[in-house]
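J.: Encoded as structure tokens, here's the structure I'll be asking about.
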Amino acid sequence: MFKKFEYKILYKRIFFTCLILVIYIIGSNISIVSNENLRTHKDSFFKLAITNVGGDLHTLNIFSLGLGPWLSSMIILTLINHKSNDKVKTQTRRERHFKERALTLIISAAQGFYIIHSYINKHAIKDSNMLILLLVLITGTLLMVWLADQNTTYGISGPMPIVLMSLVKSIFNTHFPKLNSSASLITMIIVLLVLALFILFFIELTEYRIEYNDIMNISAKDIPSYLSWKLNPAGSISIMVSLSLFMLTNNIVNFIGRFIVNHNFETHVFNFTNPVGITIYLLLQMILGYFLSRLLINTKRKSKEFLKNGNYFEGIQPGQQTEKFLGSKARRICWFGSIVVAIVLAIPMYSALLVPHLLKEVYFTTQMIVFVYIGINIAETIRAYLYFDSYKQILNKYW
């Protein structure tokens, strides 16, 4: 007898996510200044960075800043609260949200000021309506954060579908109509892209398993119990967060420089057009990827769970010895995953320096890597909903 499972919860979540994406598409097409003035303004680095966090600088619209300020505020607060977990646990959801939104407001104001000031310096827009434009950008950012927050609760994968849609829009608007390279060059780019995606698939779908003794599962001795970790637990969120922080650093340096040095000051250190900037970004990506992975694995909490449940590793004492054992394993796994992801991103970025006329194609490759990586994470989320929804008929008997 065939059983038909109705994935009603999943369908509702997909519908809600589609509704959020429709709102994002409409908002990203509402320009707040003339498009003709912005077509002459080209900043490939900034457009690439802001696209990967859900923003759009091809036109100055209400969602131009994207989710970068929000992602930056979350990682900053996470690093601040890392040593005081007890205080964080006592905070209410309203208190946490207030801190996130307040810091997001400050960061979005700084980034918005930098973007508008850059357009003014290059005579793309006039400075007479600067405060109004800044207010619109900040309001759009907070609205976008609210949409991502609602999608986390009622939709699928939180902010990731918004970033995915931003990448799709950027790829079609910027790259496809303008790829004029030779057939052999395009073939080489495709081969490198496939190789990079294969490595990312390997990292995402491969698990590192540590076998342990489960005292509650004595009847099934032939079936081993194991603790499984992904090779890169942080996933695509580390790329988005690292780009957001790198872009924030660039904005802060330029913001301070234009007040202290001169109003035309613009640093080229925190940029993808020089090896120093790329190296700084890759180091930031590795470090953030490592710490986010360690935060998600949380070996301290896992060792406490083992101590409470009575589970243990062969030859390892429960408690502190288990925590050290898991910490050493997690350290190797997290560094390996973050370094491999950084290497995959480094290849197209450094290639752009060696072959400058391929900058457009290289940025296209980078965006495709991020696009597929986010797509993998969304697919895993949908698979998880499919898995739990298949047990809905059984669970309904007890709930």
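Note that Cβ sites are derived from N, Cα and C of the backbone, with glycine treated the same way.
Grabbed the feature section from Swiss-Prot, which reads as follows:
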| type | residues | note |
| --- | --- | --- |
| TRANSMEM | 14-34 | transmembrane segment |
| TRANSMEM | 60-80 | transmembrane segment |
| TRANSMEM | 102-122 | transmembrane segment |
| TRANSMEM | 128-148 | transmembrane segment |
| TRANSMEM | 152-172 | transmembrane segment |
| TRANSMEM | 183-203 | transmembrane segment |
| TRANSMEM | 237-257 | transmembrane segment |
| TRANSMEM | 272-292 | transmembrane segment |
| TRANSMEM | 335-355 | transmembrane segment |
| TRANSMEM | 362-382 | transmembrane segment |
J.: So, taking each listed stretch (14-34, 152-172, 237-257, 272-292, 362-382) in turn and counting its Cβ pairs to the transmembrane segment (335-355) that are under 8 angstroms, which one gives the highest count?
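T.: Between the stretches 14-34, 152-172, 237-257, 272-292, 362-382, 272-292 has the largest tally.
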J.: Same-chain Cβ contacts of the transmembrane segment (237-257) under 8 Å, 6 or more residues past its ends?
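T.: The answer is 46, 49-50, 52-53, 67-69, 71-72, 74-75, 107, 110-111, 113-114, 159-160, 163, 265-267, 269-271, 280-281, 284-285, 288-289, 292-293, 338, 341, 345, 370, 373, 377.
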J.: Of the listed stretches (102-122, 152-172, 272-292), which one yields the highest count of Cβ-Cβ distances below 8 Å with the transmembrane segment (14-34)?
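T.: Answer is 152-172, with the largest number of Cβ pairs below 8 Å.
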J.: Does the transmembrane segment (60-80) reach the transmembrane segment (128-148), going by 3 or more CB pairs under 8 Å (6 or more apart in sequence)?
T.: yes
J.: State the residues, same chain only, that lie 6 or more residues beyond the ends of the transmembrane segment (183-203) and have a CB under 8 A from a CB inside it; answer 'none' if no residue qualifies.
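T.: Here the qualifying positions are 230-232, 337, 340-341, 344, 347-348, 358, 361, 365, 368-369, 372-373, 376.
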J.: Using a Cβ-Cβ cut-off of under 8 Å, list the residues of the same chain that are 6+ residues beyond the ends of the transmembrane segment (128-148) and lie near it.
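T.: Contacts of the transmembrane segment (128-148) (Cβ under 8 Å, skipping residues fewer than 6 from its ends): 20, 23-24, 27, 32-33, 54, 60-67, 69-70, 101, 104-105, 108-109, 112-113, 115-117, 120, 158-159, 162.
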J.: How about long-range neighbours of the transmembrane segment (272-292): same chain, 6 or more residues beyond its ends, C-beta under 8 Å?
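T.: Distant Cβ neighbours of the transmembrane segment (272-292) are 44-45, 48-49, 75, 79, 232-234, 237-239, 241-243, 245-246, 334-335, 337-339, 341-342, 345-346, 349-350, 352-353.
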